[in-house]
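Everything on this sheet refers to the single structure shown next.
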């Protein structure tokens, strides 16, 4: 019996990454064998509308988890809440057991959870390599006292540059090294943002719609890059509309609708799930449209506008 | 010896505004034997302090300084009769200013009343009299209750006039998002135009309605000015996609440009509509069948009517609704078929006209100066931020609060010489605590 | 009309102490606006804090001269912290309004009758600059043919331009460092910088304080040079002139403020001299069109126009790079 127990724990610790997701329940809020990110009873309201109302969610370490859902489901808001860019009304969440409640966004990033943005935020008037260098953490030259004296930070800067060049090569941006980031195409900006996030050496990478506005030719290479993140042992959580991408690369899918998590599971099981179909087509897709609550629709639209303005 | 007791509503725009009642001192000319030289002659008497026969007591030992074109040309001290004779060398316009520090203790100038007067030296000889529209109160005579009533009145007038300018600012800010630093110059424009046309009409057959006519023309011209500004400057900039910050800096340039252009044509001297200084002032107002104090009443009436009309218009009319829609969400308004650019032009015209009206009313109750707009600009900012930038009701409430704070602040410990500090501090605090203003929605902010 | 005279007047101003004050104020603004994107419209307040920091310490509190100098640096620093803690979270145009209001409040308080005992009222303070004047090593003035400076001016100029050189060197060293990179990134997009683990607020505060202190040095210099501080010197126009100089030279460039302020004062003084010669007695412009007083206003009218046109057509200024500037003038 004792041997059994130790065996059990051994398998538990071994249950990291995609492998650990085999056999996990598909109910919303299912327990994962090795969660890196755990959130509990998170709510966020805008005016009268509850944009996010998540009871419990766990994100498996070392796996690629997709967060999908129809427009206005609260995915991006949930992202903002997890990364500290917005504060929830209630709830608690933690990264590797460390609570992130009330932690400023920059500290969240330092703890190893870095995000990208739906509308890319490359620094248009800096060159690509400068964008990359900015990502490096713990730079001595970023302290005002040390900044004027190059001998204090010059060596570190070289190391940072080397690392940046490697990443640029990997993301095939090395030819654009000296270009202003503003001159890049939409897809290249997504790549740059991802590469820049990697300069932080994050444990968890959060990608907000990495495929939006990317031309099909670049999509494949982007997919490869996301997979390579997992292969390096990082955890990836991404929001996406592109179902092909979700099916292609995600190990686990979480479906949100109207602020709630309605289903979880492997891509295949989720695509077949009646709850997901309901969420996308509307639970009332076989009832008369006029029965839809107009007031609620209106409130949703307003909340979305408000959210957009909030994030400006 | 003729005695006049001027009841004057003096205010420097954005800086000072005071109602003088009761215990004023009239400084006036006397028939003292003159010296041979050309001179200005001033007498100071304390109305608040009469002797047994009811004659006002002269004020002795007060320093008076005469300047011409900013250079000091003479100085005099009043004697035991309260008379000072100050020699000057040339004819022309001189400014006599009173050194407040030399007033005897217990006598102070009525709060922030202008301590200078302009004298036209027309004659060789000493008969050039300085008529001071200066109020002096004996310090111990003012009671808190009386002060409160006075300042409340001044505050309401100020608040309402401010409200018009703030409404104009809000309309433009709401539809364009521009923090227009040249907004004060729109106000100055209204005041200057009112003054100009009043000068034109007051001697002709239209003299009886000179001020009214001048005011109407000024408001119309203000609207036209807004239209031209939008067509020539802001519209093209919007279409180029110029950023808001860049536009804001352009508006600073515009404000400097206009201010000095005004000064070029109108010089920096302070004027008043229809002979504000001297007896003609009152006579002129009798043309309109109004006693002097009615000026305030008229101002209040015009302001309230205009504000009501504008608010109703915004609430009911098609264009008003369109304007609010654009303020709310320009992109949404455009996609639902509104001609956003046309709406913005409308906002400019109406905003500028309202601001010009505000300037006209200032010109009526206070004085006209090319710098008046610049001085009031921050107070307008304070009013609209307090209420919530870009919201109409917000700017109404904000202006009322700021106007009253401005005038009542001194009663509660704000030093009178720096009354502006009150509104500015309130604005700073509001921006820190509740950046969306009292009535603004939080969602409006980024 | 004497072209040489005009040139002389223009150069005298452009190299003179007045220009130095604005160079320093504009260098500060360059850190705020050009590099970090902070719209500080209250730079005059920082300059005033520097000047009054010096004067009040020495005159009102009878402290030694060098403590006054120290206070001229500490006062803007304190102002930056007081202003920055609450306002740096605000939107750009709100920050502009708060800073301009704060600067005006400072000026009103400095000039108020009620605070006369401390700040000297509208006449200001004087009588603190003696150690500065006594330290003058020059025995005579300098005559360069076209421009000449008296003994006192020469000393002020030496100190002033040395100060400018030091500040430029500092800005150059800072802006090529990773620290400067963070500032420029904040100017572009705060949230992106936040998402990469940088404490944006701390950087903004450092930028505000540094720029404020350099502006304060401008105030210290002005106070020493004219041996008196007067509140009316520190009006919002000072801020706007400094902004004009910065935009003219090129925001976000180390030498932008220096070149800008030089050109700014060259033009202001040159135009002033040109029109004062042209109008009035012996000028070619008839009195009806332009009197002497009006002639002195032309340059300001043109200044306003210049700010507008610059912002619209060449927001990068003389030496700026359009792809790199803070503002989108398009």
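The backbone N, Cα and C atoms fix where each Cβ goes, and this holds for glycine too.
Taken from TrEMBL, the feature signal peptide covers B:1-26.
Positions annotated as transmembrane segment by TrEMBL: B:156-182 (among others). Within its own chain, the transmembrane segment (B:156-182) has Cβ neighbours under 8 Å at 11, 17, 234, 238, 244, 247-248, 251-252, 254-255, 258, 296, 299-300, 303-304, 306-307, 310, 323-324, 326-327, 330, 343-344, 347-348, 350-355, 357-359, 361-362, 365, 376-377, 379-381, 383-384, 387, 389-392, 394-396, 398-404, 406-407, counting only residues six or more beyond its boundaries.
Counting residues 6+ beyond its ends, the transmembrane segment (B:203-224) has Cβ neighbours under 8 Å at 186, 189-191, 193-197, 273-274, 284, 287-288, 349-350, 352-353, 355-357, 359-360, 364 in the same chain. According to TrEMBL, the feature transmembrane segment maps to B:203-224 (among others).
Positions annotated as transmembrane segment by TrEMBL: B:244-262 (among others). Residues 177-185, 188-189, 192, 233-234, 237, 370-371, 373-374, 377 of the same chain lie 6+ residues outside the transmembrane segment (B:244-262) yet bring a C-beta within less than 8 angstroms of a C-beta in it.
Panel annotation: around the transmembrane segment (B:297-315), residues 156-157, 160-161, 163-164, 167, 290, 321, 323-324, 350, 354, 357, 361, 364-365, 392, 396 of the same chain, lying at least six beyond its termini, place a Cβ under 8 Å from a Cβ of the stretch. The annotation transmembrane segment is assigned in TrEMBL to B:297-315 (among others).
As annotated by TrEMBL, transmembrane segment applies to B:343-364 (among others). Counting residues 6+ beyond its ends, the transmembrane segment (B:343-364) has Cβ neighbours under 8 Å at 13, 161-162, 164-165, 167-172, 174-176, 183, 186-195, 211, 214-215, 218-227, 229-231, 234-235, 238, 272-273, 295, 298-299, 302-303, 306, 310, 319, 322-323, 325-326, 333, 372-373, 376 in the same chain.
Here TrEMBL flags B:376-406 (among others) as transmembrane segment.
Residues or ranges marked as transmembrane segment by TrEMBL: B:412-433 (among others).
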